[in-house]
Every structure is written in C-alpha cells, then in structure tokens.
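Before any comments, here is the structure.
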Amino acid sequence: MKINPNFKKVALQAVKAAGKIVEKNFLKNHRVRFKKDLSLVTDVDLEAEKIIRTIIKKNFPSHSIVSEESGGEFGKDFTWVVDPLDGTTNYVLGFPFFSVALALVKGEEPLLGVVFNPISGELYVAEKGGGAYLNKKIIKTKASDNISKHFLIFNKGKDLIGGLKVLMKIAPQLERVRIWGSGHLEICQVARGRVEGYVTAKPAC
C-alpha cells in the first residue's frame, strides 16, 4: 500500500527549503551553544527547523511534530519527526557531511523518510510500499556474508561507552571502521550499498 503522494510532496518541499538555509550559511560564522547532552546547536538549526515546521503546519495542521530542537509529543495519528541539521558539529567545522532529515509515522508505523545533503545534492527518499531511492534512482543494500571484508560505520549516539564496547567486540573481524558524524547520512550509506553496516549503542535521533 502506497502512502498519500501529498505527504512526499510536502516532505520534499520542506527539506529543500531547509536545505537552502543550511547551504546558504555553510562556512559562515554562527551562534553556537551546547545543549544539555553537550551536543551543539546553531542559529541555522533553529532557522531550518522553523521553516520545516511552518510548511508542515500549513499543509497538515492536524498533524503532530516532534523536532530535534523544539521537542514535542507523538500524536495518535500522524507525526512528523524533524532533524533540521543532523551533523551540526561537522557543519560548524566546515566538513560537508551533514543533512536535513524528516520522517512521517502513523502511530508507531514509519511511512516516509527523507534525508537531504544540500552540499552534495544527495536526496534519499524511502516510503512504505514504494522502495528507497537516491535522486530518484532505486538503491539496495550490499549483500555479503564475509564479515572480514565488511566496511562498517560507527556512531556513538548517546552512549559512547556502550557503543565502544559493541564496536570492540566486532571491529577485529572487520576490514575497516569509520566515524563520519551524521547518523542519518551514515544509515543511508548502508541503504545504498556503499558500506555493509552501521553500529550505535543508543541512537541519538
């Protein structure tokens, strides 16, 4: 069963609008502060989040929104989950591996996910019953049973020690491990078959 096409249309409009803000301000000076979990937030995070929320509320006023910076609560029906700038530390440091991410769930059922890197132009879209795509081309994971040849991405999430314990158990069996600093884009690398796996002990998103 495919979802309402208007959901995807609005999601793409929202991430692209936020992406313009993120791209326009890349490599500029920003107001940066630390959140309670010691992760960074900038004025760009907040501006990008605001435009996403505005577009969603304009089109779907009854839908709930849960966002990285403003919080919120999941509704009984449709809820949009917003991460306006995933990889803020990379963004502040001038490393172009970050994304605008948006998802739609109904209750606990995921319906749609969109991840956009405005610098590279990579736009990932996955929807229930519709497959997963990178810039409108279908993507697939890489099939491999030989773990010694696997390339894995590690993300500390909210539990660095726990994540490292997991990583230390499996790392000796792998060909190599990388840490890139943007969970949504890292997961997309698995989805497109660029790497074989992604490990985090307690996801931050």
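Quick reminder: no glycine exception, Cβ is built from N, Cα and C everywhere.
Mg(2+) binding, as stated in TrEMBL, involves Asp83, Leu85, Asp86; the candidate among Glu68, Glu69, Glu108 given for that site is Glu68. The Cβ neighbour count for Asp83 (Mg(2+) binding site), using a 10 Å radius and every protein chain shown, is 27. Around Leu85 (Mg(2+) binding site), the same-chain residues at least 6 positions away in sequence with a Cβ under 8 Å from its Cβ are Val22, Thr42, Val44, Asp45, Ala48, Glu68, Tyr91, Phe98, Ser99, Val100.
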